[in-house]
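Undergrad: As annotated in TrEMBL:
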DOMAIN    B:26-501  domain 'Cytochrome oxidase subunit I profile'
TRANSMEM  B:32-52  transmembrane segment
TRANSMEM  B:64-89  transmembrane segment
TRANSMEM  B:110-128  transmembrane segment
TRANSMEM  B:182-210  transmembrane segment
TRANSMEM  B:230-253  transmembrane segment
TRANSMEM  B:265-283  transmembrane segment
TRANSMEM  B:295-322  transmembrane segment
TRANSMEM  B:348-367  transmembrane segment
TRANSMEM  B:387-407  transmembrane segment
TRANSMEM  B:428-450  transmembrane segment
TRANSMEM  B:470-497  transmembrane segment
TRANSMEM  B:531-549  transmembrane segment
Amino acid sequence: MGKSNLEMKTSTITTKNKEDHSSLKGTLYFVLFVGSFILVSWFAVFFLYLSRI
Amino acid sequence: MRQSNVVIDYKYDNEPDISVDPRDGKLGMVHIHVAFVAFIIGVFGGLLQGLARGGMIQLPTWLGYYQILTAHGVLLALVFTTFIIYGFFFAGMSKTHGTFSSRLRKTGWVGFYIMLVGTLIATVLILLNEASVLYTFYVPLQGHWLFYAALALVIVGSWISAVALLTHYFKWKKANPDKPTPLFGFMTTATLILWMVAGLGVAATVLVQILPWALGLTSEVNVLLSRTLFWYFGHPLVYFWIMPAYMVWYLVVPKVIGGRLFSSSLARLAFVLFLLFSIPVGFHHQLMESGVTEFWKYVQTILTFVVVVPSLLTAFSIFATFEQTAREKGGKGVIGWIKTLPWGDVRFFAPFMGMIVFIPAGAGGIINASFQLNSVVHNTLWVVGHFHLTVGTTVLLTFFGMAYWLIPVLTGRRFTKHANRCGIVQTWLWVIGMFLMSGAMHILGLFGAPRRTAYATYGDHPQALQWFEGIFASHVTVAIGGVILTAAGVLMFYNFIHLAFLAPKGHTEFPMTPDPVDTPNTPAYLENWKLWIGIAVVLILFAYTIPIYEMIVNAPPGSPPFNFLIK
Amino acid sequence: MHLHKYEKIWLVFGIGSLALFLAVLGVAAFAFGHQPPSHMTTVDSQNLSEDPLFSEPGLTQINESTYRATLIAQAFGYNPNKIEVPVGSTVIFEVTSADVVHSFTIPGTNVNFMVTPGHVNMAEHTFNEPGEYLVICNEYCGTGHHYMQMRIEVISQ
């Protein structure tokens, strides 16, 4: 049982390491930030347009 | 879930660093000399404009505001960009596709000299105040006919050089039928095809409409048609600037940070999309104009939005390349890996700041193209702020970041620590100056302050006075930003002189990422140029045929020349 | 062509936003009539004095609260260079050029359109606040471009 526990632990660590190794989480957050910035600024000008009608 | 192309092998650094053949290097370098001479004159033009517009100085009577404005626009937006791009292309094509044959190199020199002669004539006429029509022409304002002929020479010269570069690429393809084309050649080809197809519009209006009219051979000109042909060229022109900057992002920056590009197919796809969709979109510069129906304006608005997609792809690809490389180097955390990037290396830092600036620049661009929303910003300082972010910062900082290694590569000198330090300072100054100038311009534009306009308080109307009195949003902030930018421009010119003439002789690496591992699996259709040119032509015909036909058959009586208004 | 899962998320988000913008703009324009100024009438810019519409530029009242302002832009001013309307009026601007390209722009409003010689361009605006409104040309038209302006006097009743 001890052995299998150890095995499990090792394998989790490897997976974790590996995930971190090739993860693109930072990229996802970055592009989502870019997208939100575009949405917010576009609607800001759109409402400025509406307010000037 | 592991990417197929994630493998990063640091052995690449041991690859023999093929340098550029000195004869090709010389051809590349002359382009860069012209670019930086034009740059420094253009920078001082910008300074005078900023100070004069802010009411801080009064221009001498022999120097007109609109004359300087013309010089600033032509020298920076046309001359600096075109020459440095061709310098980059000749150097890069020589490195990635081998030395040019002496015949093609000669063709390149012919193209260079024709562009140079055109540039010199145009500059002289601007300085003589014979051509204060701004670089967008403004027919029926009329400059000296030689000015138009000179600009036609610049375009024709650039076509001749393009033929030299494209022939070099197709010769390589023929000699290496089984190998995938290096990305550099693929991207250069896409950019040059775009340039040639787009140039047809400006060539048509200059050669068929404006020159005969300026020479007095015809008495009238169709104003709307001329504007439409200009903007058919005017928007792909901005992609002619941005695509080489993207080439630095895709092909050079990954190498500088010690990694490799994320995906070859996606990079190629992005460039094909630019080629297809950046031309049939010129009406988004004419949204507020009569004589074009709402329907065709909306069609081109949709096409404009499609050309945003390759930039979305690029944002992901480039940032993913950063993240993968940083993680390979031991970077940790969701965002903490960013610390491992080489912040002290200007070859990375300058283009990186350009990328960051492209976020507000791109968002602003989408707003500009948004059909009726354009009335909020059209011809206001917002637009000037916008393109000082896009071409003036994103593209220029990327080209500066490129110049730091390209100049010493071509002159056989070393990229010194001193040059790197000056480069970091230069980048910060440029970003800070642009933040003040462009930031203030954007807000002033929303308040209605006009672009291309000398100092004016409109009879001290409160609304116009407000443009001088804001804490941040003021012409004064614009001028302060302009002063900082001038300092940054002078420093950049010093960097150019240092690297071109003063730095010690030695070896500098040409940083070029090896093609991504998925390169051999790149779908062959991506390189089917006949197909892409065909689709591009179909899209252009679709977007332009009916509106241009209507402009011609329903044309009002044409306009006579108005040359007295510009002196 | 292999796309990373996150890249798919990003493209759906990005392209979705662009489609949303186009839908909002399209509905505002084609369903609610907030179109960009795209008038198709042409005139002979060198013979405006013989044009039925522009031989006598000025303000005409259409109904109780609606006016038509027929204006000629010309380097470096507008004819007439001042109009007066009561507060709450809607003014339909109809503008053409007698020489080069100009604009007709009321800063702080959505009235901001190009005036190309040979063409007539139009926009309308309701003036709900009294005051002296500034009109400027924001398209480069020559050495005196920055002097080109007129006024709209909106009078409270």
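Cβ from N, Cα, C; glycine included.
Quick caveat, the model's predicted, so the values are computed rather than measured.
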Undergrad: At a C-beta cut-off of under 8 Å, are there same-chain residues at least 6 beyond the transmembrane segment (B:32-52) that contact it? List them, or none.
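TA: Result: 58-59, 63, 65, 68-69, 71-72, 75-76, 79-81, 83-84, 87, 116, 119, 123, 403, 406-407, 410, 437, 454-455, 478-479, 481-483, 485-486, 489-490, 492-493, 496, 500.
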Undergrad: Any chance the transmembrane segment (B:295-322) and the transmembrane segment (B:428-450) have 3 or more Cβ pairs under 8 A, given the pairs are 6 or more apart in sequence?
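TA: No, the stretches stay apart by this measure.
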Undergrad: Determine the mean pLDDT over the domain 'Cytochrome oxidase subunit I profile' (B:26-501), rounding to the nearest whole number.
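TA: Value for the domain 'Cytochrome oxidase subunit I profile' (B:26-501), mean pLDDT as a whole number: 96.
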Undergrad: Near the transmembrane segment (B:230-253), which same-chain residues lie under 8 Å Cβ to Cβ, leaving out any that are not at least 6 residues past its ends?
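TA: Residues 81-82, 85, 88-89, 92, 136-137, 183-184, 187-188, 190-191, 194-195, 197-202, 205, 261, 267, 270-271, 274, 278-279, 281-286, 307, 314, 317-318, 321, 347-348, 351-352, 354-355, 387, 390-391, 394-395, 398-399, 401-402, 511-513, 540, 544.
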Undergrad: Three or more CB pairs closer than 8 Å, sequence separation of 6 or more: does that hold for the transmembrane segment (B:182-210) against the transmembrane segment (B:387-407)?
TA: no
Undergrad: Would the transmembrane segment (B:387-407) count as touching the transmembrane segment (B:64-89), i.e. at least 3 C-beta pairs under 8 angstroms with sequence separation of 6+?
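TA: When sequence-distant Cβ pairs are counted, the transmembrane segment (B:387-407) touches the transmembrane segment (B:64-89), since at least 3 lie under 8 Å.
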Undergrad: Quick one: do the transmembrane segment (B:470-497) and the transmembrane segment (B:387-407) reach 3+ CB pairs under 8 Å, ignoring pairs fewer than 6 apart in sequence?
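TA: By the criterion, they touch.
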Undergrad: May I ask which of the stretches B:348-367, B:387-407, B:531-549 has the most CB pairs under 8 A with the transmembrane segment (B:265-283)?
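TA: Highest pair count goes to B:531-549.
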Undergrad: With a cut-off of 8 Å between Cβ atoms, can you find at least three pairs linking the transmembrane segment (B:387-407) to the transmembrane segment (B:531-549)? Only pairs 6 or more residues apart in sequence count.
TA: no
Undergrad: Taking residues 6+ outside the transmembrane segment (B:531-549), which of them lie with a CB under 8 Å of any CB in it?
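TA: 190, 193, 197, 225, 228, 232, 272, 275-277, 279-281, 283, 292-293, 296, 299-300, 303, 525.
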